[in-house]
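Student: Sharing the features that TrEMBL gives for it:
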type     : residues : note
TRANSMEM : 27-43    : transmembrane segment
TRANSMEM : 55-73    : transmembrane segment
TRANSMEM : 79-99    : transmembrane segment
TRANSMEM : 111-137  : transmembrane segment
TRANSMEM : 157-175  : transmembrane segment
TRANSMEM : 184-200  : transmembrane segment
DOMAIN   : 189-351  : domain 'O-antigen ligase-related'
TRANSMEM : 206-221  : transmembrane segment
TRANSMEM : 233-251  : transmembrane segment
TRANSMEM : 334-358  : transmembrane segment
TRANSMEM : 370-388  : transmembrane segment
Amino acid sequence: MTLILFYLSFFLIRLPPLILPFNLSSHILFRLINFIILIKLFFLNKKTIKFKGIIIFLLLFFVSQSLSVINVINFNTYLYFFERLVTVCLFTLVSHSLINNQKKTDVIIKLINITAIINVILELTMFFSPQFVNFLYKFIHPSVLDIFVFNVNRGRLYFESYGEVFLPIILYLFFKEKLLFKKIIYWLVVLGIILLAFWSNYRDRFVVVCFSLFTTLMIFRKDIFKIKIKQNVIFLFATVLIFIGGFFYIYQTRGYSVIDRLLLQDKEEDISSLVSRGILINEAVSIGRQFPLLGVGIGNHYDHLPSFMKNQRYRMIGQNRNFLDATLLYPHNLFVQIFVETGLLGLLFFLFILGVFIKKDFKILKSKNDLYKALIVSFWALILYAMFNPRTYLTFYTNFFVLRVLIEIFGNQSIRETI
């Protein structure tokens, strides 16, 4: 029963927050489930916490984030993010305690695939039928849909499903699957993720999907030739046709694509957005220098921005305007955001953690475990994603730590076979 509840909680956090009865959401239910599991494991069953591996890094992360309270000026906002910090830590503790063998890891991989399928279908539906979004307001939290509508009005597509991040895992499943029907499903999901990144007109999203795709293809280059020649030709031919169709479709409907944005064809729009990001990063670094050791406090960056930046108005809709304004004005860079919020202490702790991961991951890439390698590519795709986007605290760090838990499981020498 405990495992089923945990799998349910992971399934819920991989989807956009759904509206539930009694003024609840699926992400609130995610919190409640993990809290109940934690009580059962560590208080009722007296399970001990082993302070090694990912748990040590989790402790360092928690301490560096928590200490930023020293310079907080907006305590309510700090508490808002601190609650998410505690939730991430509880989820990681539960994950580390329960996902302890290959069979359980197999279930998590399957859930990643299922939620990727749901997210791709949902985003494709909203892309081709924007009016469908009005119907979804009954089921999905407005904060997610408000951002989606805001970006559609700008000719862009943004839906934080992390499909590009988990693309290597879907590709792994595609290459290893023997049943043709399942292989076709994985292929369609891969196509959906890539096309949505291309149609999004977001350069960072396209860069991440290219990183995930080409790095994974390089790792699995031998597996490509293991597919039956007839299947290979059919998949390749169908893929080329669909991509050509997708290329012409976006030019017919929008008049430009993400390729044009990468080439800076629209000097005003494409260059000004880069300049704006540079201004936000410089401002964040300037604020961080005033609080070099512990930062301004998690969630408090917006409160230190000069008035002229806060007064910039965006064509927001819905009831979440202030939240969206604050999100847009965050530095679109993971390391800068960590520095301004948690200071040099938080940044150095985080860089130390990543440094240890890099050292381990280089050794892993020499192993024969292909799923292991796919998980590593997904993790670093997540970091790359956060280099260009303001991370959503709860979803980003749950993905961050669950990927490291899975990688740690496969790092155990007792697990020698792939799924």
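Any Cβ shown, glycine's included, is placed from N, Cα and C.
TrEMBL entries are annotated by machine, without manual review.
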Student: With pairs closer than 6 in sequence left out, are the transmembrane segment (27-43) and the transmembrane segment (334-358) joined by 3 or more CB pairs under 8 Å?
Tutor: no
Student: With an 8 Å cut-off on Cβ pairs and a sequence gap of 6 or more, do the transmembrane segment (157-175) and the transmembrane segment (206-221) reach 3 or more such pairs?
Tutor: yes
Student: Considering every residue in the domain 'O-antigen ligase-related' (189-351), what is the mean pLDDT value?
Tutor: 84
Student: Cβ pairs under 8 Å with the transmembrane segment (206-221): which stretch of 55-73, 79-99, 184-200, 233-251, 370-388 has the most?
Tutor: 370-388
Student: Quick check for me: are there 3+ Cβ pairs below 8 Å between the transmembrane segment (27-43) and the transmembrane segment (233-251), leaving out pairs under 6 residues apart?
Tutor: no
Student: So, taking each listed stretch (79-99, 184-200, 233-251, 370-388) in turn and counting its Cβ pairs to the transmembrane segment (111-137) that are under 8 angstroms, which one gives the highest count?
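Tutor: Highest pair count goes to 184-200.
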Student: For the transmembrane segment (79-99), give me same-chain residues lying six or more residues beyond its boundaries with a C-beta closer than 8 angstroms to one of its C-beta atoms, as numbers and ranges.
Tutor: 2-3, 6, 9-10, 13, 30-31, 34-35, 37-38, 41-42, 47, 49, 53-55, 58, 61-62, 65-66, 69, 105, 108, 298-299, 393-394, 397-398, 401-402, 405-406, 408-409
Student: In the same chain, which residue numbers or ranges, 6 or more beyond the ends of the transmembrane segment (370-388), come under 8 angstroms Cβ to Cβ?
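Tutor: For the transmembrane segment (370-388), the sequence-distant neighbours (Cβ-Cβ under 8 Å, at least 6 residues beyond its ends) are 109, 162, 164-169, 171-172, 175-176, 203-205, 207-208, 211-212, 215-216, 219-220, 223, 332-335, 354, 357, 361, 364, 396, 399-400, 403-404, 406-407, 410-411, 418-419.
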Student: Let me spell it out: take the transmembrane segment (184-200), skip the flanking residues so only those 6+ beyond its ends count, and list any with a Cβ under 8 Å from a Cβ in it.
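Tutor: Long-range Cβ neighbours of the transmembrane segment (184-200): 113, 116-117, 120-121, 123-124, 127, 156-159, 163-164, 167, 170-171, 173-174, 177, 206, 208-209, 213, 235, 239, 242-243, 246-247, 249-250, 257-258.
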Student: Same-chain Cβ contacts of the transmembrane segment (233-251) under 8 Å, 6 or more residues past its ends?
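Tutor: Residues 187, 191, 194-195, 198-199, 201, 227, 257.
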